[in-house]
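First comes the structure, then the notes that go with it.
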């Protein structure tokens, strides 16, 4: 285990730091497993497994693999889908975007070198037998004794001798549902026995990387693990092979707890936030992209998987329908320049009711449809009703929330509020999408009922937008009651609210010592108000409904605040 200490320490840090994106997936994985067991032709599976053991594979072999992958993908609910992610200044700072672009480029070069060729998207060993023999002859002529191609320990190189190497991309990698189905059907085991065996392996994985010795010991207690291969994992090995790494990935899904990275789900609405958190953990722990060809370290592996799709289950879902590589599907736009800060209007002024761009208006409508009009719904704002700078709507039963910002009209009042209340900085709101708060309020369901700590400001905000049909219930907590769970909420969910960077000072009574305080974040306030009313902090993880890129104006947006 000593060799794995630095690497596993990174894994543990990533598990802790990204816990808000991990999910209990055991039920979902087993649901897909049962679908595969009932409908998959395991004779075809056996033929694919036989094919990948061949030393040389051809176009017809690749066609069989891709057809098999399509059948598996059609039977599974857990999958990643094709999505192009373009990150701009706003959700991430320019320095963070530059860091991400650099890491993706380093990763591209490393993967390319590892796969053995100069062109991206081509896997190691994509040489014909004739080319391999010519290479060996060249090495011998240069004095290298016993020259033979690098490969397995027996010296055998397994190659894909095909016309279009890009067809290999994303056709490999194990899927827990498929691994469990193969262990059950081909191992002649009961599904429950396989689940119990993998659960034991998963518990071990919470404290270390399981190795072959561990596998042998666990096999004595769980015979279902006997089917796991003792051969080392290699590149371009299909997800139908029952390797130790495939078993460990499946085992991670059997542990509903432990914040396993394998259980991360990526959604477009939280992609930028996830990347931001990943970069923060990387810098805090001193993680890096290694230049040495070979297996990816935990940071490299997670970065690649997240950036490959940005929509789905990066570790455990079917990804055969995804085209391209991580650096193809996630790009950084550093050319977008921050919009000029608009001059403030004296003495505030009413919010501008101009419409936002059509595509963002559609996104707002889709996001609001994710809310349940009949469920308990908290709302809070920072700023004044006629000049709000932040708004949050939160439904504790599902964890769904809508959270956005707005650049203020009254700069002087804003700075005063920042100093004594919310801690937001003017420069961080310069690119906030104008008209977003108005658009959200305009599209809220008719007669929806909201819960708030202090209803006057919310009612005035609704009335200014002509929404007298919306109702607000005031819980009327005291200042101390409202913030009973403040420290716990900030400790658990601080990564959801990254704009409140300013120093907040408690308003002191005459003669009292001046002290600092936590800033008031509209989103975290709604969560802590709910905790006070219910008496506990809910386990339900907050889930963003409004994509983070919608919060910031495009470079072409010319709508004034």
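The first residue you see is number 1, and the count goes up from there.
Note: Cβ is positioned from N, Cα and C throughout, glycine not excepted.
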Per Swiss-Prot, which of 521, 545 sits in the Zn(2+) site along with 390, 497, 500?
521
From the candidates 256, 525, 530, give the one listed by Swiss-Prot for the same Mn(2+) site as 380, 382.
525
Identify the region 'Disordered' range according to Swiss-Prot, selecting from 296-315, 316-335, 336-355, 356-375.
336-355
Reduced to three states, what secondary structure does DSSP give residue 525 (Mn(2+) binding site)?
helix
Could you measure between residue 457 (site 'Important for exonuclease activity') and residue 525 (Mn(2+) binding site) for me? Cα positions, answer in whole angstrom.
15
Determine the Cβ neighbour count for residue 457 (site 'Important for exonuclease activity'): the number of other Cβ atoms within 10 Å of its Cβ.
18
How does the model score the region 'Binding site for the cap structure m7GTP' (52-237) in terms of mean pLDDT?
83
Cβ within 8 angstroms of the Cβ centroid of 390, 497, 500, 521: which residues besides those meet this for the Zn(2+) site?
382, 422, 423, 424, 499, 519, 520, 522, 523, 524
When you measure from the Cβ of residue 497 (Zn(2+) binding site), how many other Cβ atoms are you left with inside 10 Å?
19
Which three-state DSSP class does residue 457 (site 'Important for exonuclease activity') fall into?
helix
